[in-house]
Structures are given as structure tokens and as C-alpha cells.
Amino acid sequence: MDKRISIAIDGPAAAGKSTVAKVVAKKLSYVYIDTGAMYRTITYAALEQKVDIENEEQLMEVVKNVKIEFQQGENTQLVFLNGQDVSEVIRTPEVTNRVSIVAKHRLVREEMVRRQQELAEKGGVVMDGRDIGTHVLPDAEVKIFMLASVEERAERRHLENMNKGFDSNLEQLKEEIAQRDKLDSEREVSPLKKADDALELDTTSLSIEEVVQKIMGIVLGVFAK
């Protein structure tokens, strides 16, 4: 498997993208790039600095002074903000419920996309997000669009929150996920949408292993060409 391709995995909030992308990257010995974590890190930094996240100019001041780095931990990927490990704090509900607001700003997205493309320029990457196949890596050899029902995604996020010790309300999560879908799909810059050449994968009734197997089958098909 010497071929170093780019794999783009898109889909709505809590569709299981990052969980699956990490496993696929590990199987291929590829670099996993969690673009959602990049936007979460900006959101966290802005909240810490008490910046108005609706104000693009103020947000860009935050972005300019933020260095985001990824490091492979033992069983997970660690995210660093200016040298500080923020892997856990960027997953709190406070950040989760505001990240779509930060991500809707055109200048913020342009800068993040530039950084993401830089990370991916040599290939051998698995990148997940909302606009990877359509905007960040439009020439990716493999493009997957993962879907799951709002109910299923809320259940997954609820379990995730409980496991991390966060307060969690299932009905509230359903509302929040539906709201994030709306924000992500309706924003003017790089909205959430399936690339024309992406393969759609409904994961509602599939396990992580089954989704990974399906994606690996697609990747091996590309290698065989």
C-alpha cells in the first residue's frame, strides 16, 4: 500500500466521522486530520478570551495568534493550542454548541482551509469535516459522505458525553444536533453538502467496524486501479 492517497470523510454532526476516520488512518498508517477539532480549538480560544463569536474581525485576531498542532497519543489524537493540550476541553458542550457559529465566518474558514490543505499536500491523509470533499480536498481520490438519523446521532453523542462525565440530556441533544445541521447546511461559505462524486454511507444501523470495512473496501478498490 505505497500509494499515498487522500481520503475525505464528510457528514453532519455526530455521524461518527472522526471515530471511523481515526481507525481507517491507523489501518493505512496515514495521518488523521480532524478539521472539526481545528474549529473547536478556535472556538475554545475565542470563548477563553471572551471574544464575540459573531464578530468576524475579533475572531480573526484570535485565529492569527493561534497555533494548532496534532500529536498521536497512545489511543487517541491529541490537540494542542499554542503548546497547551486542549484535547478534552474542546469537546465540552459549551464549545460544541458554539462551533457552528465560528465556522460560518468566511475569513475564518478561508484561513482554516489554507492550513488544512497545507497539512494534506503530500497525500497519505484521512481528513474529516463538513466541506472536505467539496472544498478542502476537491481532488481527493476517495470521498465518503456519512449520514445517520438525528435520533441515532443524539444517542451517540449522549453516550459520549456520559462516558466523559459531562451532563447530558438526550432530548436537548436532538434539538442541538438539528440546529447544528441547519446552521451547517445553510451557511453561505462552504455549506455542508455531499460532493457530486462522494459515496453516501448511511451509518444509522451499522457498527463502527462495519463502516470501517465498507470504507476500506472502497480504498482497496482505488489502490487496485
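Glycine is treated like the rest: Cβ placed from N, Cα and C.
Because the structure is a prediction, the values reported are computed rather than measured.
Non-local contacts of Ala13 (ATP binding site) by the CB criterion (under 8 A, 6+ apart in sequence, same chain) comprise Ser100, Arg153, Arg157, Ile177, Arg180, Asp181, Asp184. Secondary structure at Ala13 (ATP binding site), as computed by DSSP, is coil. Here Swiss-Prot flags Gly11, Pro12, Ala13, Ala14, Ala15, Gly16, Lys17, Ser18, Thr19 as ATP binding site, drawing on sequence analysis.
In sequence order, Ile9, Asp10, Gly11, Gly36, Asp128, Gly129, Met146 constitute the residues six or more apart from Lys17 (ATP binding site) in its chain with CB-CB distances below 8 Å. Sequence-ordered, the extra residues of this chain that approach the ATP site, with Cβ no more than 8 Å from the Cβ center of Gly11, Pro12, Ala13, Ala14, Ala15, Gly16, Lys17, Ser18, Thr19, are Asp128, Met146, Ala148, Arg153.
Around the Cβ of Ala15 (ATP binding site), 26 further Cβ atoms fall within 10 Å across all displayed protein chains. Comparing the binding-site residues Gly11, Thr19 by how many other C-beta atoms lie within 10 angstroms of each C-beta, the top residue is Gly11.
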